[in-house]
Each structure stands twice: as structure tokens, then as C-alpha cells.
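Presented below is the structure to which this report refers.
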Amino acid sequence: MTKKLREAEHPTPFILTIPTHNHVDIVDIVRQSGTFDDKLGVIPLTPTTGDGVFNNNENKNAENIKFNNFEDILESLGGFGAYQFFILILLLVLEVPTAFVTFIPIFVGRVPQVWDCDNVTMSLSEVCSLCDTDAITPLDVLVEDSIVAQWGLICEKEWVFDFVTSIQMLGMFFGSVFGSQFADWYGRRYGFLAATLLLSLGSTMSALAGNPYIYALARFLCGAGVTSFMNVTLVGVVEVMPTKWRSLSNCIGPTGEGIMILSLLAYLIRPWRTLYWATVAPFVLIVVIYPFVPESPRWLLKQNRVHEAANILKSMARMNSKSHLTPTISPAMLHHIIQSEQRESPQDSNPSKRWTYLDFVKDPALRATSLYNMAIWFAWSLTYYGISFNIKNVSGNIYLNVFFMGAANAVGQRSALLLNNSIGRRKALFASMTFCAVFLVALAITLVFVEHSNIPNAAIVSLCLLGQFGMAAARSAARLISGESFPTAVRTMGMGIGGITANMAGILTPQLAYLGVRWPALPFFTFAAVSVGGSLIAFRMAETMGLPLDNQTPEVVEKDDNPFDKIFTNNNLHSEDKNTSQKDVNIFPLAKRDSNIKVNLKSEVSKNVVLISISRLVDEQEKQDNLQIHMNSGFVNDEDSKKLNTAENHSPGRNSRTF
């Protein structure tokens with residue numbers, strides 16, 4: 001019978017190989033014997049206690065701590081600590097001016113309702129029917145200077161501004177595709193810088209634009225920057241968060257606060273160019289922020305840049321008051337984690353491989369995940385931006401309406417934190433989008449059966465804001481399940497694919513808002529129907545709550561969805577005993593770890609195989625110890641000495657007193 005321990009990639013733990021025909025039930029031994037590495041099949045075994053049972057609690061020194069995967073590293077280095085909080089602040093603080101860029105068209109595109117035509121004051125409808133639009137002047141004191149007023153975008157040119165907004169959404173489409181690919185190819189840090197520069201350039205061009213054509217180009221750049229920024233910051237934060245804290249990265253972003261501040265700025269600053277300069281100014285912070293933004297250590301590991309990843313993880317340990325663990329973070333340990341992932345996902349073994357969107361088409365699992373993701377984001381984007389841009393058609397004070405819209409976003413995002421961590425991502429998405437649809441249908445029915453002028457403005461605004469509240473919560477759930485459903489190598493690109501249809505919907509949104517001028521109920525019926533449809537599609541995706549981030553490609557997951565269903569594997573492990581007919585197998589597929597470090601075995605057969613092997617290893621060690629005692633006492637014959645020498649030569653862990 002073969003009883004052999006083979007050295008793993010790192011010097012201390014060993015891979016246990018065992019015969020497949022033994023049946024002994026020694027449950028307590030295996031439960032106290034060690035910790036299964038659920039990726040390599042490694043059992044780190046420490047010295048035995050007096051009763052021959054292994055005890056992993058006997059040595060708590062930092063140098064003996066073993067990391068099985070990247071999630072273990074994050075948890076050991078403090079979980080959510082000062083480092084994670086620091087990254088949240090660095091990456092999310094510029095979400096405030098990004099919200100400015102996204103929603104500023106609501107204010108700079110306002111249409112004056114009072115005009116001067118040949119020294120006669122007229123309403124907008126009268127001007128369009130009685131006057132030449134080249135000979136009119138806006139008199140609306142609330143809209144003294146807007147793009148519409150300056151360039152005369154009314155009457156037969158009324159469609160131009162909404163078309164420019166569609167151009168912005170087209171830019172968001174390109175940002176999702178190419179900005180996300182840039183971040184996966186060149187890193188989250190460079191992706192963050194590129195997105196911020198796009199936002200700054202687009203906003204500056206918007207302030208300087210002399211005609212609608214230049215302005216449209218500027219809004220295209222702004223749109224590309226917005227989606228690039230949102231995708232990169234999401235992934236950058238998620239990848240340094242431990243599992244139970246990942247929802248936080250989506251639920252505390254200050255988008256809602258940014259909308260509220262924008263409303264205040266727009267109220268105080270009426271000239272549209274000056275308002276643009278006020279909203280672009282915060283991007284100067286990138287000069288201060290960028291030098292402190294680290295690269296994602298998870299992305300660095302995927303690129304096999306272990307020395308850089310080790311330095312960042314050591315910084316994380318120091319900031320999280322875990323400096324005593326820095327000796328455990330070495331390039332060798334990180335190489336071990338990389339190799340374990342490569343064994344599970346051979347097609348990822350080439351760190352220089354650059355994934356493209358063509359891989360999403362070729363791979364069945366990536367393709368399915370992407371299609372579901374695209375459908376969800378189409379539904380969310382059409383509804384969310386539909387409500388946002390349609391709010392300019394709602395009567396009342398536009399500044400207060402937008403301020404309350406920002407408040408609804410802020411509260412909705414925070415509420416999603418509770419939902420995401422209690423009922424899961426899919427149910428949170430379904431509940432939020434359905435909640436929104438209920439109020440949108442109520443508003444649409446009201447607009448159908450009641451004359452618009454007879455409906456209290458407060459009722460219309462309240463229903464819109466409740467819908468916005470639901471979609472803000474849905475946004476957090478959608479971003480979270482999207483980011484968690486794709487592996488590290490293509491995570492940002494996966495988010496970008498969802499952005500493709502999201503921004504296709506965004507291109508349609510201003511046109512639906514334009515139709516809302518003539519048929520107020522139509523946009524809200526449309527948004528409600530699409531919202532419900534998107535919420536149902538969410539159940540086609542896998543739940544990701546509580547699961548570690550995936551570092552395999554979905555192709556591997558699809559082919560081996562539950563590796564513990566396989567009782568035995570003998571890949572790369574073969575007995576060196578030529579006289580035995582039994583196969584040696586890797587015990588990893590037989591067991592998996594839970595948070596209490598208890599081993600759960602798949603079947604009685606596989607359980608007994610592991611137990612008997614550990615039991616025999618204990619017996620073998622005791623025999624060797626007894627022989628050593630006899631030799632030291634001088635009472636030992638040549639045959640016993642020969643046995644001891646043979647045993648020592650075949651025991652790779654002897655010097656370290658580990659099996």
C-alpha cells in the first residue's frame with residue numbers, strides 16, 4: 001500500500017496521495033488533522049500532539065500562516081480595514097463631478113417659455129407659429145442663458161438638443177466597450193486616469209463649444225468618460241474588498257449627492273458656460289489623487305506581476321494594522337496562488353494573453369452571462385435615464401425636482417446595501433425594479449384618465465421620485481451581480497458589454513422623453529414594462545452573494561460546475577510503487593472547507609479513504625520515532641537501522657516534523 005507525501009510548489013505543505021480501496025471511519029481524526037486547500041488539494045499538517053492527532057492551533061506564528069487563495073489574503077490582512085476605506089475614498093470621490101457631467105444637460109438644455117418677437121412678448125407656442133426663429137429673443141428670467149436659448153433650438157430645431165443627448169449616450173456606448181477593454185489590458189490604475197482625463201476634456205470642450213456640432217462632440221467624449229469611470233472604479237474597489245463587504249462598493253458611491261450639489265450649483269449659476277466651468281473644476285483633484293491610487297493586486301497577479309502585487313499587499317497589511325503578517329506575503333506565496341488558479345483554469349495560464357470581445361462570442365458560458373447582463377442593463381438604463389431626463393417635462397421647480405431626484409438616488413443606493421446582503425443580488429434587483437414599475441404604472445394611468453393640469457404637481461413628482469428610488473437600488477444590485485459574474489481577466493470588459501445595451505437604451509431615452517411632451521403617459525408605460533422584463537431576466541443569472549470573486553474563465557466553471565461531485569481524480573499524481581495495483585488519487589475533490597475549517601466529505605467511501613490514510617501516516621511516524629529512540633539508546637540491530645534510514649529517505653517532510 002502506498003503512503004506518500006509529495007511536495008507542493010511551496011516548501012511546507014504536501015499533497016497527500018492515497019489508495020482508493022480502504023474503508024475506515026475515523027471522523028475525528030480528519031476533522032482535526034489540518035486544513036484542506038480547496039484549490040490544490042494540499043493539507044498543511046503541523047506536529048502531532050501526544051495522542052497522535054494533528055493540531056493546527058499549536059503554531060500560530062505568522063510565518064506558518066498559509067493562504068489558499070486571494071480571498072484568504074484579504075481576510076487575513078484585516079478584511080475591511082483602513083486600506084479598503086482609503087481606496088473607497090480615492091476612487092469614489094470623483095463620482096460627484098461625474099454625476100455633474102451626466103445630468104448637466106437637464107439644466108443647460110432648458111427651454112425658455114417666454115420670448116420677444118418684434119417687441120411683442122409671446123409664449124413658446126405662439127413664437128413657433130407667428131415668428132421667424134432667427135428674430136426672437138428669450139425673456140424667461142428663469143432661463144436667461146441656456147444652450148437652447150443661445151442657439152435657437154426651438155420649433156423646427158427642437159429635436160437638436162435631445163439628439164445631442166443621444167450623442168452623449170453613444171459616447172457612453174463606446175466608453176463601455178473600449179474603456180473597459182483598456183482597463184483589462186493596461187490595468188485599473190491607467191483606466192482610472194484615462195477615464196478622468198476624458199471627463200475633463202469633454203467638459204472643457206462643452207464649456208468652449210461655439211455651435212451644436214462641437215458641443216455634440218464634447219458630449220460624446222463626456223459620455224465615454226462617464227461609463228469608463230463607473231466601470232473602472234467599480235472593479236477597482238470590488239477587487240480589494242473581502243467577500244462580505246463587496247456590496248459596500250456599490251452602495252455608498254456619492255452619485256446621488258452629486259446630483260443634489262449640481263441642482264444647487266445650477267440654481268446659483270444660471271449662465272450655461274459658467275455652470276460648465278464650475279462642474280469641470282473638481283476634476284483638478286486628479287492631480288492630487290492619482291499618485292496615491294494603487295493598481296489592483298488581483299489584476300497584477302493575473303498578469304504574473306507578483307513583486308508589485310506583494311508590495312501593495314504589504315502596504316495593505318501595514319495600513320490595516322497587520323504589519324506582523326508582512327513576512328507571509330512573498331512572491332513565492334503569490335506564485336503558489338497563481339499556479340493553483342492555472343491548474344484549475346489552464347486556458348488562463350498565459351498571463352500575456354489579451355482577451356477580446358471575440359472571446360465572449362466564442363465561449364458559451366461567457367456568451368450566456370453576457371446576454372443576460374446586456375438585457376438587465378438595457379432595462380435599467382432605459383428606465384433610469386428615462387425618468388431622469390423626462391423630469392424636465394414635469395411641471396414645478398426644476399431645481400427642487402432634480403434635488404429630490406438626487407436624494408432619491410442617495411437613499412435608494414444605501415437601501416440596496418441591506419437588500420444585497422440579506423436576500424441576494426438577484427432578488428434585490430427584482431424587488432427594486434418591480435418597486436419602480438408599480439409607481440410608474442400608477443403615474444401613467446393617472447395621466448391617461450386625469451387631465452394633466454388637474455393632477456397636483458406634488459403627486460407627479462412623488463411618483464417619479466419613488467420610481468427613481470427603486471432604480472437607484474436596482475443599479476447597485478445590477479452593478480454588483482455584473483462585476484461578480486465575470487472572472488478577473490475579463491471583469492471590466494464584462495461590465496462594458498452590459499454597458500453596450502445600457503447605452504443603446506440611453507440613446508433611445510431622450511427620444512422617449514421628447515414623445516412625453518405630446519403623450520405624457522407613453523414614456524412611463526414603456527419604462528414600467530421594460531423594468532419588469534429586466535427584473536425577471538435576473539433570475540437566469542447565478543446568485544453571487546457570499547461567493548469569492550471568480551478567477552477562472554466561465555468555460556471551466558461550466559464544464560466542472562461542482563468539482564466536488566467528482567469523487568476521485570488522479571491527474572498528475574501516480575504511485576511510484578510498481579508492485580501495487582491500487583491508484584493514488586488527489587484528495588482535493590473529496591472535500592471542501594467552510595468558515596469553521598471543518599472538512600465535509602462527499603461520500604462514505606471518499607471519507608474513509610482520507611481517514612485511513614491519515615491514520616496510517618500517524619502509525620508510520622510513530623514507528624519511525626520508536627526506531628530513532630532505539631538507535632539513540634544503542635539497542636538496535638542492523639536491520640532496524642536499515643529500516644530507519646529507508647524511511648527517512650522517503651519522508652520529504654521529516655526535517656520539518658510535518659507529514
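Glycine is no exception: its Cβ is also placed from the backbone N, Cα and C atoms.
Database features, via TrEMBL:
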type: COMPBIAS; residues: 646-659; note: compositional bias 'Polar residues'
type: DOMAIN; residues: 118-546; note: domain 'Major facilitator superfamily (MFS) profile'
type: REGION; residues: 633-659; note: region 'Disordered'
type: TRANSMEM; residues: 85-108; note: transmembrane segment
type: TRANSMEM; residues: 159-178; note: transmembrane segment
type: TRANSMEM; residues: 190-210; note: transmembrane segment
type: TRANSMEM; residues: 216-238; note: transmembrane segment
type: TRANSMEM; residues: 275-293; note: transmembrane segment
type: TRANSMEM; residues: 371-391; note: transmembrane segment
type: TRANSMEM; residues: 397-417; note: transmembrane segment
type: TRANSMEM; residues: 429-449; note: transmembrane segment
type: TRANSMEM; residues: 455-474; note: transmembrane segment
type: TRANSMEM; residues: 495-515; note: transmembrane segment
type: TRANSMEM; residues: 521-539; note: transmembrane segment
Proximity verdict for the transmembrane segment (371-391) and the transmembrane segment (397-417), three or more C-beta pairs under 8 Å: yes
Interface-richest range of 85-108, 159-178, 455-474 toward the transmembrane segment (190-210), CB pairs under 8 Å: 85-108
Candidate ranges 216-238, 397-417, 429-449, 455-474, 521-539 - greatest C-beta contact count to the transmembrane segment (495-515) (under 8 angstroms): 216-238
Which of 216-238, 275-293, 455-474 contacts the transmembrane segment (397-417) most, counting Cβ pairs under 8 Å: 455-474
The transmembrane segment (85-108) and the transmembrane segment (275-293) contact flag, 3+ Cβ pairs under 8 angstroms: yes
Mean per-residue pLDDT computed across the domain 'Major facilitator superfamily (MFS) profile' (118-546): 82
Other parts of the chain folded back onto the transmembrane segment (159-178), taken as Cβ under 8 Å at six or more residues beyond its ends: 105, 109, 147-148, 151, 153, 195, 198, 202, 212, 215-216, 219-228, 231, 357, 385, 389, 495-500, 502-504, 506-511, 513-514
Residues from the same chain, set at least six apart from the ends of the transmembrane segment (216-238), whose C-beta lies under 8 A from its own: 87-88, 91-92, 94-95, 98, 101-102, 105, 163-165, 167-176, 178-180, 182-183, 188-189, 191-192, 194-206, 209, 246, 249-250, 253, 296, 479-480, 483-484, 491-492, 495-496, 499, 502-503, 549
